[in-house]
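The domain 'Ribophorin II N-terminal' annotation in TrEMBL covers 33-306. The annotation domain 'Ribophorin II second' is assigned in TrEMBL to 310-396. Annotated domain 'Ribophorin II third' per TrEMBL: 418-541, in sequence order. Annotation comment: TrEMBL describes 574-674 as domain 'Ribophorin II C-terminal'. What TrEMBL records for 1-27 is signal peptide. Residues or ranges marked as transmembrane segment by TrEMBL: 585-609, 621-641, 653-673.
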């Protein structure tokens with residue numbers, strides 16, 4: 001029991017350091033696993049056609065859901081158990097699939113017969129007996145360990161021999177080979193080997209040779225000696241010289257090592273001699289991942305953080321002295337669940353040493369402290385907290401990580417006093433005119449000066465505790481009536497901000513532009529709640545005439561929004577109309593075009609046209625009327641074509657009228673011919 005508690009404590013400490021041991025100058029405070037991870041998990045591991053994919057992909061999805069507390073579909077779980085039961089019961093299933101199938105069974109609680117477990121254990125023992133590669137050891141030992149976790153009696157008869165066989169694949173630098181034929185060793189394989197050795201220790205019928213366990217612990221120290229780093233102190237595991245097809249990447253490799261070291265620490269007795277700075281650098285690497293974008297990376301990140309360390313974080317890192325905000329601290333597990341009863345002490349805040357105990361708000365589950373009692377001024381602070389568990393038994397279950405450093409920002413109202421503006425004589429330095437300013441609102445002072453005088457502006461900034469405040473931005477702007485601007489930075493001197501503009505030395509910078517200049521003062525800082533931009537008034541400058549080669553004012557910058565304004569109206573130039581004939585000539589030509597029509601009418605009268613032969617029977621009469629109407633329609637179509645219709649439209653209509661005229665004309669003429677034949681015969 002004592003060995004188990006020490007192992008759990010070490011495992012919790014490793015994960016705690018991986019989660020929240022951040023140096024004071026590092027990134028933002030750590031927050032527990034949030035709903036963003038759960039939403040990403042549900043999206044990344046979404047089943048396709050009722051399946052998560054292979055057994056390996058299914059295990060990774062279910063294991064991730066189990067750790068994050070994401071609800072699994074009952075129907076999908078049932079279908080998965082049926083598939084797993086079929087795989088476990090098949091004698092042709094390889095050791096790798098049995099390994100993942102047995103782990104899925106542990107997660108879903110699938111019902112498998114005891115006889116089936118005995119048969120699978122026998123097959124895995126056979127694989128382990130003939131194993132000559134690290135993965136065969138890993139899958140067979142992991143499968144046997146899963147069967148043991150289901151409550152079945154599984155013992156390795158030759159645990160020492162298996163331990164030695166796995167250890168034979170190790171290298172002098174702490175890395176492992178995947179098999180006896182591999183020329184290159186692998187850091188990723190080291191994690192698999194350590195996890196396999198941990199399984200051997202757990203399955204052993206008697207205690208494993210402690211000298212061999214000590215050798216493996218020494219290998220772990222060597223493995224951490226080959227860790228790689230970034231410039232900011234982030235550490236990670238990666239391969240040295242591995243073929244491209246076997247390269248796993250820093251995240252997969254680091255996760256493999258963490259799982260292997262955690263498993264070995266839980267199974268073996270004693271402590272692992274791992275330097276704290278190595279764990280701290282490795283923690284920075286894991287914390288920089290955020291929410292991974294692939295299922296494999298997501299699983300490796302979540303599965304590496306399965307212990308129960310406590311996360312200390314600030315709900316708000318910006319505190320206001322004006323609003324009398326409280327310093328609130330949340331302490332939860334990595335997955336956001338409630339922490340056991342504990343006390344949070346503020347050990348240090350910036351440069352003031354103290355040990356103030358924070359009160360606990362049970363309703364909001366936060367620890368709080370009034371910052372007014374700490375006598376803290378505005379600015380950036382590093383708060384150092386210490387967590388103490390109330391129940392001594394929880395020390396071996398929860399890891400607090402020692403002291404935790406978190407950055408915070410305190411803001412407040414800055415007092416502005418003794419604001420004055422005036423004109424100085426250049427020679428004697430005497431004040432010609434001096435006016436008081438109220439920088440809590442805009443001012444409208446009116447000053448005048450020539451190039452032999454100076455402008456003086458001064459004021460004092462103090463914090464709520466009466467200290468001199470130095471904001472990030474303090475500058476005076478002079479804007480000429482031609483929109484030319486000049487900006488001058490104010491410097492702090494003798495507990496006040498002051499600027500003296502000597503116009504004699506600035507005539508060139510002012511481009512010798514005399515006239516009215518608007519005065520504007522800007523004071524701003526992130527810790528200053530009352531940052532301001534104030535109009536001070538104006539000054540009339542009388543500057544000398546510019547010399548011939550004096551610099552000219554730069555052109556004003558174009559308004560970026562001007563391109564969206566109304567454009568200049570475009571005036572089109574049309575071709576001048578061609579000269580036309582006189583109106584009288586056009587009318588005369590129109591008359592000539594109508595002459596054939598009148599000639600046609602005149603010819604009809606001379607020919608003696610009559611309606612004696614017009615059919616009297618109803619049917620022939622109807623066809624005759626339609627025939628004449630069709631001729632009239634064709635004549636009307638010609639008129640419309642002349643006035644408005646185009647050629648294609650005219651041809652379409654004519655294509656309909658033509659067959660119609662042929663049909664009704666044929667019937668009409670046939671009737672007339674028949675009537676004429678009868679009359680001649682009579």
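Using N, Cα and C of the backbone, Cβ positions are placed for all residues, glycine too.
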Secondary structure composition of the domain 'Ribophorin II C-terminal' (574-674) [DSSP: H/G/I, E/B, coil]: 79 helix, 0 strand, 22 coil
Secondary structure content, the domain 'Ribophorin II third' (418-541) (per DSSP, counts of residues): 3 helix, 75 strand, 46 coil
Segment-level pLDDT (mean, integer) for the domain 'Ribophorin II second' (310-396): 77
Structural state census, the domain 'Ribophorin II second' (310-396) (DSSP three-state): 9 helix, 49 strand, 29 coil
